[in-house]
Amino acid sequence: MILSSHKDSDSNDILSYIKSVIMYTLFSDAEQNAEYTIEQMDEGFIFIPIYPITYVIDEAFYNKLFTILNLALTPMYTLIRPLTMQVITLDGKEPSRSRGLLIPARKGKPQRLKGTLSELVTQSKEKGDIPIMDIISWNYVRSPHALITGVSGSGKSYALKYIFKVCSNIGETIAIDPKGSDLARLAKQSGTKDIVIPPFVNSGDGQNGIGGKYLQEVVAVLKQVESEMYARQSRLYQATNRVSTDYRELGIKPVFVFIDELAALMTGASKQVKQDFQETLTRLVVLGREAGIYLVLAMQSARAEYLPTIVRDSISLRVQLGRINSENTRFLFPELSEMPMVPIGGKGSGILSIAGDPRYAGIEPVLTPTILD
Ligand SMILES: Nc1ncnc2c1ncn2[C@@H]1O[C@H](COP(=O)(O)OP(=O)(O)O)[C@@H](O)[C@H]1O
Ligand SMILES: [Mg+2]
């Protein structure tokens, strides 16, 4: 990784502030404070040990440093928790200080987006990718598929509604909503052809609830999408001489498949149908990228019994809303050992990671857009 050095007027102030913050908390021996230096780069802060040192640098040391700075630098900076210790090499320095630990940070606090749906949609058209916060956006081509988890009332359907609206201006959308609520109503309003809701929502017969029959219907829709995926792959193979390409070369639009309350879909279904559902989902998520088939899923918890781990691992944009604790984050962020810091933002707040996009180095706090009427 090549990093550019960062210097501005308050750079020295912040560096001496950091030194004062870690002086008593990071080391057991005060003399160890002479065994490192700190530098600021565009990407964050670099802790540079000056060898020989009398402390051991390991994952635990890095996490401790991160945890101390995380709180101390709020709100001037927002730290981004990497999934592993970030070691970078520093060229042109003497051997004793040629490497450092990167603590990724952004200046300031990312701001929540607020606007009417049409304002937010316009903004996304201008940017090309889907804005999540003022300085965070989702490039679905580079980072395919999305998954939002969180307890009831944390803002999953609300976030889905926003992304759905933006996506329906970009490509085709399919809405699968076992509650027949927000997503289904919005889809109906935007004229989406494919809305899959349980029969009781349509017929007014509230007695039946969702059962195995509904899941079969969902699987049938997903299999149509799967056929479309294979058709696109075959067209792409015939059309191109390039090795690395995708559906955009064919001049066709992406297809976004939205599923709200994914786990609820499976209640009451037989083992075979459940398995068929999970296997179809797996094929779509693993093979969909080049064909421009993207899944946007929401569920309370990404437990493996509901969502096969291969599906979870293939999803680039992961968001967890609501209360964040080690008990519930481990399903969506199994790599995360320490607690990230969460903005105290009420509804629609949580943490996010976007894999496959060099702009995002790890897990960071998120506030989902607020839709004004
Ligand atoms: N980003 C947000 N901005 C403003 N209000 C929000 C936001 N996210 C959620 N809410 C509020 O929280 C309520 C519950 O959210 P909802 O999406 O229905 O939760 P879930 O689907 O997780 O059960 C919404 O009706 C809305 O009033
Ligand atoms: Mg909901």
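Cβ atoms here come from the backbone N, Cα and C positions, even for glycine.
Predicted automatically and left uncurated, TrEMBL annotations should be read as such.
Taken straight from TrEMBL:
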- Gly150, Val151, Ser152, Gly153, Ser154, Gly155, Lys156, Ser157: ATP binding site (BINDING)
- 133-330: domain 'FtsK' (DOMAIN)
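The predicted model assigns the domain 'FtsK' (133-330) a mean pLDDT of 89.
Just so you know, of the binding-site residues Gly150, Gly153, Gly155, the Cβ with the fewest other Cβ atoms around it within 10 Å is the one at Gly153.
Residues Tyr158, Gln300, Leu321, Gly322 surround the recorded ATP site, their Cβ atoms falling within 8 Å of the Cβ centroid of Gly150, Val151, Ser152, Gly153, Ser154, Gly155, Lys156, Ser157, which are themselves excluded.
Considering other CB atoms within 10 Å as the measure, the emptiest surroundings among the binding-site residues Ser152, Ser154, Ser157 are those of Ser152. Other Cβ atoms within 10 Å of the Cβ of Lys156 (ATP binding site) number 28 in total over all chains.
Checking the binding-site residues Val151, Gly153, Ser154 against ligand 1, the ones whose Cβ sits under 6 Å from it are Gly153, Ser154.
Neighbour density for Val151 (ATP binding site): within 10 A of its CB lie 14 other CB atoms from the protein chains shown. The 6 Å Cβ screen around ligand 2 retains Ser157 from the binding-site residues Val151, Ser152, Ser154, Ser157, ordered by sequence position.
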